[in-house]
Amino acid sequence: MTAEVKVEEKQVESEVVIAPAVVPEETTVKAVVEETKVEEDESKPEGVEKSASFKEESDFFADLKESEKKALSDLKSKLEEAIVDNTLLKTKKKESSPMKEKKEEVVKPEAEVEKKKEEAAEEKVEEEKKSEAVVTEEAPKAETVEAVVTEEIIPKEEVTTVVEKVEEETKEEEKKTEDVVTEEVKAETIEVEDEDESVDKDIELWGVPLLPSKGAESTDVILLKFLRARDFKVNEAFEMLKKTLKWRKQNKIDSILGEEFGEDLATAAYMNGVDRESHPVCYNVHSEELYQTIGSEKNREKFLRWRFQLMEKGIQKLNLKPGGVTSLLQIHDLKNAPGVSRTEIWVGIKKVIETLQDNYPEFVSRNIFINVPFWFYAMRAVLSPFLTQRTKSKFVVARPAKVRETLLKYIPADELPVQYGGFKTVDDTEFSNETVSEVVVKPGSSETIEIPAPETEGTLVWDIAVLGWEVNYKEEFVPTEEGAYTVIVQKVKKMGANEGPIRNSFKNSQAGKIVLTVDNVSGKKKKVLYRYRTKTESSS
């Protein structure tokens, strides 16, 4: 008899989300709390829960809120106008008007005063007094002009360091007149468009036409990514889009897929399989070698271009249409990551994060960090200022003891690589679309899984894994013929907590069945994942 599998799918009640750290001191406290939480969770029964579906917003126009519809329409109007008028990529340069005119504006009141003094000397005493009165009235105007201009200078100094502020304030009085003239010139700058940046009306981004009047349904999908990245602020989303287009042109991103970077970085990140919602999965393996590459200014640019290439390859796997899969799932394995004490590494990491965040908006459905060391919580505090709140809301963290369980919430076993506790192997010739079944074993009890072998000549192949093993496991072939001997395929073995999946096979010479026995000797319920295939002479 084949074991019936009855699995209750539970919705995840909560997930560990990286929240922004306000001050470094809180990091340690939060880390301890997280650690305690993990230990408490490990005392609960083990099981594979499907992820609480990360509800990505709909890209269908009808599903948007009224304010979102308006924002999308406004952005499309701005984009249409910019493309048609050929102003989308034009850079506005500032040019100052002649300084002479500005100087005249500042000194004009004094010239008038001198002129009136000369006229007053030739007039009567009574008229001279009146002229002096006029001078008294006119003179303050120069002070007024200076006061207004000086006030314009102050906000520009807020971005300087404390030392620079002190130095500038010391010299301010000595160069007051010069500052006034300079500031007046700046205030009257004019904007001139750079005519070199022309835009074709057939301009595309990730293969999607950007001109709204073309009517491509994918255009809304792309524009909504920029709007969501900027909280539906139209002007900010428009500027972000323009900067992305300029960045891609300057860095020749559209031709990056044809570049060769060698095999050195091949294991640092790679695409493999899909998650439960069909998002392509990208695995990022953090290691000492990778950190050295990022930390070296010489190698950093090569790494960045290689990483952009990988992102472009991932986007090619997406369906950028309303209702399609439009984002990737990112897995970050920190198992062999070194500590974080070198400044140059953080400069590199910051550069990677900022560039990807600024130029690939909303292309990541979730970031899952696995094999997280204790220092990760300090790293979170350092990186937090460079991440948007929306990005941080997609973070999930798993300590080493919870890696397999966490990943299986989001990725099915047949799509999860074997090194992470799944059944997926490179160039697997044994399995293709076979269903992965589940069965729960209660504490102190046993369950058997039966794989039928109806023909006398055939081969049976199976994969099996138990979350957090700590069970006794054995495999037997039981013939159908009465009185025939049972064949021990795998004698009883005590499986450790960190054992990986098992694949085995048996070639039978008579009809019967394979019986897999899981004896749960622990105090927690265990979930068993398995799949099998029967190869007969006719099928092979």
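Cβ atoms here come from the backbone N, Cα and C positions, even for glycine.
As annotated by Swiss-Prot, phosphoserine applies to SER53.
Residues or ranges marked as coiled coil by Swiss-Prot: 61-183.
The region 'Disordered' annotation in Swiss-Prot covers 89-140.
Residues or ranges marked as compositional bias 'Basic and acidic residues' in Swiss-Prot: 94-140.
Neighbour list (LYS249 (ubiquitin cross-link), Cβ cut-off 8 Å, at least 6 residues apart, same chain): LEU89. The ubiquitin cross-link annotation in Swiss-Prot covers LYS249 and is backed by similarity to another entry.
Per-residue pLDDT, averaged along the domain 'CRAL-TRIO' (258-428), amounts to 89 for this model. Look at Swiss-Prot and you will find 258-428 tagged as domain 'CRAL-TRIO', backed by sequence analysis.
DSSP states for the domain 'GOLD' (433-534), grouped as helix (H, G, I), strand (E, B) and coil, give 0 helix, 64 strand, 38 coil. Annotated domain 'GOLD' per Swiss-Prot: 433-534, in sequence order.
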